Amino acid sequence: MEDPQSKEPAGEAVALALLESPRPEGGEEPPRPSPEETQQCKFDGQETKGSKFITSSASDFSDPVYKEIAITNGCINRMSKEELRAKLSEFKLETRGVKDVLKKRLKNYYKKQKLMLKESNFADSYYDYICIIDFEATCEEGNPPEFVHEIIEFPVVLLNTHTLEIEDTFQQYVRPEINTQLSDFCISLTGITQDQVDRADTFPQVLKKVIDWMKLKELGTKYKYSLLTDGSWDMSKFLNIQCQLSRLKYPPFAKKWINIRKSYGNFYKVPRSQTKLTIMLEKLGMDYDGRPHCGLDDSKNIARIAVRMLQDGCELRINEKMHAGQLMSVSSSLPIEGTPPPQMPHFRK
């Protein structure tokens with residue numbers, strides 16, 4: 001997901017390129033320079049310890065912007081963690097996170113600075129809002145395969161992508177209609193009590209409240225938006241099953257969403273095993289805030305990850321969808337699209 005390279009006379013200070021940005025996503029790392037190809041790498045005229053960069057031939061890349069970006073990336077790749085933090089601090093950027101995250105953050109800072117001179121970043125501003133949803137559902141210890149999960153908490157966190165602030169939240173508990181008694185395991189895991197679900201509305205009633213709330217926010221009409229989840233299960237399993245149980249058609253506005261685990265793994269180049277909520281927070285230098293497995297608290301923490309990723313230059317975009325009742329991936333090569341205005345789905349006949 002990134003790269004390119006520059007044509008500067010050997011021996012001259014091409015470090016000015018480092019003030020501009022890093023390589024675009026999708027390229028390759030520049031090769032390590034040989035002694036005769038290298039010189040000290042500089043940021044704002046200051047040398048980095050032992051960091052070097054290479055000059056490149058004019059035929060390597062057609063656009064000099066990307067040549068400069070590639071040279072910058074090579075320098076950043078060879079910086080120590082302390083150097084990375086110092087440079088990030090200098091630009092008043094977040095300094096928490098593991099080394100790979102710090103490198104990605106600094107590269108994207110330089111990349112954005114340079115590319116802003118060429119063109120506006122369409123994807124960054126495409127969605128005005130992101131709705132983070134993390135359902136809680138009935139469960140039993142060991143999750144036996146025959147157990148039917150019913151949604152018992154419906155939270156939504158409204159993230160403004162321009163201010164990077166949580167603008168509002170929605171939370172409603174839901175009364176289950178098949179397994180009406182919560183298991184001790186479920187109560188302990190989620191913190192949701194039997195009394196809370198007994199006094200709650202049924203799923204169709206809660207879904208109607210969610211949709212009315214989203215309409216008040218003018219999502220899909222005045223503002224472009226997308227849903228975002230931590231994994232595929234919230235939409236492809238929990239919402240899908242719940243709609244069947246409640247005899248509702250699957251709501252069109254929930255057919256496509258951003259799976260932040262996929263976005264995180266692709267952006268920071270980490271394996272799937274490193275994309276659990278607590279691990280993502282840890283790698284970004286953050287602690288979980290709130291009660292784990294509280295749907296609203298989980299959603300707020302997912303929003304914190306989304307904010308950090310946007311700050312680091314990630315283009316959060318729809319990457320999963322439901323089609324004919326099946327989970328499918330959405331290619332990043334397709335045009336970016338928004339989510340339709342929320343509408344209450346019809347009941348099945």
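Each Cβ is built from the backbone N, Cα and C atoms, and glycine gets one as well.
Swiss-Prot names Asp134, Glu136 for binding Mg(2+) 1. Of Asp297, Asp298, the residue it gives for the same site is Asp298.
Take the AMP site that Swiss-Prot assigns to Glu136, Ala137: the candidate from His162, His293 listed for it is His293.
If you compare Ser56, Ser62, Ser273 in Swiss-Prot, the phosphoserine annotation sits on Ser62. Considering Ser6, Ser51, Ser59, the record held by Swiss-Prot lists Ser59, annotated as phosphoserine. Secondary structure from DSSP puts His293 (AMP binding site) in coil. Among Glu136, Ala137, His293, the residues given in the record as binding AMP, the maximal Cα to Cα distance rounds to 10 Å. Restricting the recorded positions Asp134, Glu136, Asp234 to those with a CA within 10 Å of the CA of His293 (AMP binding site) leaves Asp134, Glu136, listed by sequence position. Taking every protein chain shown into account, Asp234, His293 are the binding-site residues, and of these the Cβ with the most other Cβ atoms within 10 Å belongs to Asp234.
The DSSP secondary structure for Asp234 (Mg(2+) 2 binding site) is helix. Spatially close to Asp134 (Mg(2+) 2 binding site) yet at least six residues away along the chain are Pro155, Thr229, Asp230, Asp234, Gly295, Asp298, Ser299, Ile302, judged by Cβ distances under 8 angstroms. In sequence order, Phe135, Cys139, Ile152, Glu153, Cys186, Leu189, Thr190, Ile192, Gly295 are the residues of the same chain, not among Glu136, Ala137, His293, whose CB sits within 8 A of the CB centroid for the AMP site.
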